[in-house]
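Following: one structure in structure tokens, then a few remarks.
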Amino acid sequence: MESLSHLVKSTLPNYLSNLPVPDTLGGWFKLSFKDWLALIPPTVVVAGIGYTGYLAFCPAAQDRCSAKKNSGRCNNLIRKHEAKVVDMIDVEDIAEKAAFCRCWKTKNWPYCDGSHGEHNKQTGDNVGPVVVKK
């Protein structure tokens, strides 16, 4: 307990008082490289605390990290009332070739409308259509 007391009462205040924080805006431009290096650790600590607070209290961050969103589900909107989405397409009905969606983002189900391009940009995925040729 004495080590924690020593850290809070003397070590941390001495460290913070010795940081090269300038009094004026122009003083920031006069800092040396060594001074900038000395400011990196407390900046990282403050940024980490801020980011942790953001994840803990921001609703958008909570939604993004929740298990609901990251459940591994592919289909979020097409024919949700069915237990399994199956489409039968007769090869005889295909003129020359047809592109079928695999990303579940299309508005023209089951045909691909290129929605996977935006999906790939947002997620870093590389999904594309299934192309069937006659």
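Glycine too: its Cβ is placed from the backbone N, Cα and C atoms.
Note that the structure is predicted; figures quoted are calculated from it, not measured.
Marked as topological domain 'Lumenal' by Swiss-Prot on the basis of sequence analysis: 1-35. What Swiss-Prot records for 36-58 is transmembrane segment. Here Swiss-Prot flags 59-134 as topological domain 'Cytoplasmic', drawing on sequence analysis. If you look up Swiss-Prot, you'll see Cys101, Cys103, Cys112, His116 marked as [2Fe-2S] cluster binding site.
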Surrounding residues of the topological domain 'Lumenal' (1-35) on its own chain - C-beta under 8 Å, 6+ positions past either end: 42
Residues in the topological domain 'Cytoplasmic' (59-134) grouped by DSSP into helix, strand and remaining coil: 18 helix, 9 strand, 49 coil
Binding-site residues compared (Cys101, Cys103, Cys112) - highest count of Cβ atoms within 10 Å: Cys101
Which same-chain residues, if any, lie at least 6 apart from His116 ([2Fe-2S] cluster binding site) yet have Cβ under 8 Å of it: Cys101, Arg102, Cys103, Lys105, Asp125, Val127, Gly128, Pro129
Counts of helix, strand and coil residues, the topological domain 'Lumenal' (1-35), according to DSSP: 24 helix, 0 strand, 11 coil
